[in-house]
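Undergrad: Questions regarding the structure given below will be posed in turn.
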């Protein structure tokens, strides 16, 4: 945002402040000044009046002028195309200088030239027009011979302010002046409201119909007997703040918008009238994107808050419709985003951040700026003012003071807020009141925002510093426990040879569909994905691990062990944390122990490595298998303490081919369900550990789970553990197989005798016979 000292002076009297004091004041109230540039016209540059102008006899592009410089008339040879008699112009007298360039008396093509008629650029001002600068009375009374450095409007100071996106209220001179006036305890200046001079009513030209719109609009009509052009003051200020010039009514619109913060559009009545119609009928309604728009003859001619050049007035027009508007910044931003519209014009930049709400007041200012005898304003106006629910915040003074860290009296707080145009509703309580937030402050949401406004104006440097107070809190909470759990499992995984993989939570929707993984519900899909390969949220981390494994294979890796802890999402976009593993290729690298020929990883070796990371678990068979992705013959569900926490499986052969991988095993668990607790120390037995093995003949289709359950229910105190150690299949056994189970037996109280151990084993055999009809091999 760019402002100038002279422009601020139109809204607040800053005559008693230096440029540096204004700079500091802006910084203090949070309007950080990025740069300050002082424009000073050099000495011996005076107002001149061109009395005569004739073509140079020996040069087609030169003119010979007689210029009154006050007290004398001098001859100056000028090459500007726009030089002519009757102009007031800036004249550099003999002896004046522009840096190293000094003006001297000279002769051009045989004609004497005593001075130079200057362009705006030569004076150190913006390049306002081609040729010399044409002075007019907008900068003050033009006195021939008076130095230009005495005209304050030509000697300005430009401040460039860094505004955050939420401060749309300061995207205007008026908005900045409002903040400064509050900080400096000054009153905002008012302009003289000019009443309409024409008895013609607006209804002769314009009819408005509106239906169900959210924007506030004001329309007026004016006509001019001459061309509507901006004066020098308007041109100069526009150029100083970066507005491009078109040399017609559009320059005035830019000036008034930058000054008041209200958006304008000027329509050409002549271009809108059709056939013999003498009246324009505007329909204000929603367009196909749900945005408030102006329609003429059922055709959209402009969208409120977005620039459009349809039927825009130009220098040839004499009859105009002036539209000022306000639209809710959150609403227009949402609609542009949802409809994926690519808009980058200055009007949308302003409307999406918030503009001033007083559309009628801004129209009065426009009337004030263009007031002259050639312009007549039609009486009346057309207004559309939908009801707006203003945000109200309950303020507790004790809370405000605690946030600030200092006592500030109630009167000062209320005075600051009122000066910033907040409305105050007092209550019976001396400590509480309600604040009605002005519509142009859409960034104010809560009491913290109100407090920030108070601190800005009081000044952070005026807040007493207090000693920092440390209070130790109980840091054992869910976030801390999850942090330690994550670090613990990362450490275990890396110590077991796995490398951590990091990937986006996004993935390719087509891959998820191909392998029958869950997809987001359509209403939760990404509106603006990063790329076509990252166009949805993942429901599994395994796809990301497979892509990383493929990348490793492509660079020659033969044993790939990866893990990742990350977020996944279900159909309703609910978030889950999972830990996933992949082991692809050889179980170890080529070395002497394997004679340079390492074997492929197996299911049980992979399961053992997973157990080393997440702890002991059980694997149970299931029929609920994603056969598009997993191998149904080496697949199981992982259980801890009777609760399912994940799956472990060999990758389907077709999937291995798709990703160009060798033998590959994967595992994915719900991270929140994995056991993680302190290991409590327990007494251990000091007596001998005894082991026994039973080789049992069981049906080939029997699950080990049945055997385990049958033995566990006996509840033998001395039976510490038991587990399968061997499987044997043979044609001689027909439809049965031999399973060898090792038993660890130990007492905490004594050394067990052989007879006691035999009794335990016999009890186990009898139970298996009774429950499952299993015998020794």
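The backbone N, Cα and C atoms fix where each Cβ goes, and this holds for glycine too.
Under the heading domain 'TRNA-binding', TrEMBL lists 39-149. Taken from TrEMBL, the feature domain 'B5' covers 388-465. TrEMBL lists 443, 449, 452, 453 with the feature Mg(2+) binding site. Sequence annotations record features per position, and here TrEMBL assigns domain 'FDX-ACB' to 685-777.
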Undergrad: Reported in the order helix, strand, coil, what are the DSSP residue counts of the domain 'FDX-ACB' (685-777)?
TA: 31 helix, 32 strand, 30 coil
Undergrad: Mind tallying the domain 'B5' (388-465) by DSSP state, helix then strand then coil?
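TA: Taking each residue of the domain 'B5' (388-465) in turn, the totals are 33 helix, 14 strand, 31 coil.
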Undergrad: Average pLDDT across the domain 'TRNA-binding' (39-149)?
TA: 92
Undergrad: Do you know the DSSP helix, strand and coil residue counts for the domain 'TRNA-binding' (39-149)?
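TA: The domain 'TRNA-binding' (39-149) comes out at 5 helix, 42 strand, 64 coil.
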Undergrad: Determine the Cβ neighbour count for residue 449 (Mg(2+) binding site): the number of other Cβ atoms within 10 Å of its Cβ.
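TA: Total other Cβ atoms inside 10 Å, all chains included: 15.
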Undergrad: Where's the emptiest Cβ shell within 10 Å among the binding-site residues 443, 452, 453?
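TA: Ranked by other Cβ atoms within 10 Å, the binding-site residues 443, 452, 453 bottom out at 452.
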Undergrad: Beyond 443, 449, 452, 453, what residues of that chain have CB atoms within 8 A of the centre of the Mg(2+) site's CB atoms?
TA: 441, 444, 448, 450, 451, 456
